[in-house]
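**Q** This is the structure I have questions about; it appears just below.
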């Protein structure tokens, strides 16, 4: 369902049509020679001496694990691990503050509507107004669909940025996750919103849209966003780890890891729910069986080294979703009260009358 694989042709240079096959959100290491990234001329220097590319060479440095060794390779994952833990904590802390502020805003809006001029409510709206049509469409969506609309819009914007040749250098550096890259932390989040293939993006966003109503009704929009963003970073770190240990290095991109966490959370919470494949609606199966099949397929792909999908990211997202429903909700979300109380005290300190206690 939430797959990271695709096959596209990417224009890498301005003068030449150098193309690279993109499979499973993973590109071969030779992909680092891209637009304007030409090899430096070889100089008669001693062997095993790496030439400094200089400021004019803009390609990502070629990180060879054979030169660095296993310990050096794993040591590069310390910063991504710290970033994963810190970002996850900040995501849930921000979600708790967001929920507090939303509750306070809803209460304030209720009293504002009571004091509003009743004539404004009787004033007729113009027919055919674009804003009216947009409001009607927006109100027809479920809370989950409204929540993921922003995520889909962000993915669409990043997809359009891939079409701009002058931005591709930055897109490759910051919007693809690669343990061999010099930039390790920010791509762990940004690559979750990055798709080069339209079919890849459409498939991922369709799955996210399909499960959004169930996930948001189960978790709430604030908690859902914390889980989604955290799962994107956690799945990328798991991909980093598996690539480093196996030596199968290469870039990845796509929202599949985060979407797998949403899918796994819904299937774990509602194991008897009936699911079907869009192209085969006559065949239905339970959510628990679907989750088992997906995990088994990704496990086999990871062990056998299949390259069409980033199976490590899929498994990392699925395991995070399962863990959160079974344990994480109790450990993290239900223990947010002390933090919310601290925020409430800071928010209302010095203000008249206290505030709303959540």
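From the backbone N, Cα and C atoms, a Cβ is placed for every residue, glycine too.
Model, not experiment: these values are computed from the prediction.
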**Q** May I ask you to indicate which of 204-222, 223-241, 242-260 is given in TrEMBL as transmembrane segment?
**A** 223-241
**Q** Are there residues at least six beyond either end of the transmembrane segment (81-100) with Cβ under 8 Å to its Cβ atoms? List them, or say none.
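**A** Residues 184-185, 188-189, 220, 222-223, 225-226, 229-230, 233-234, 237, 332-333, 336, 339-340, 343-344, 347, 356, 358 contact the transmembrane segment (81-100) from elsewhere in the chain.
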**Q** Please work out the helix, strand and coil residue numbers for the domain 'Peptidase S54 rhomboid' (188-328) from the DSSP assignment.
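**A** Helix, strand, coil within the domain 'Peptidase S54 rhomboid' (188-328): 104 helix, 12 strand, 25 coil.
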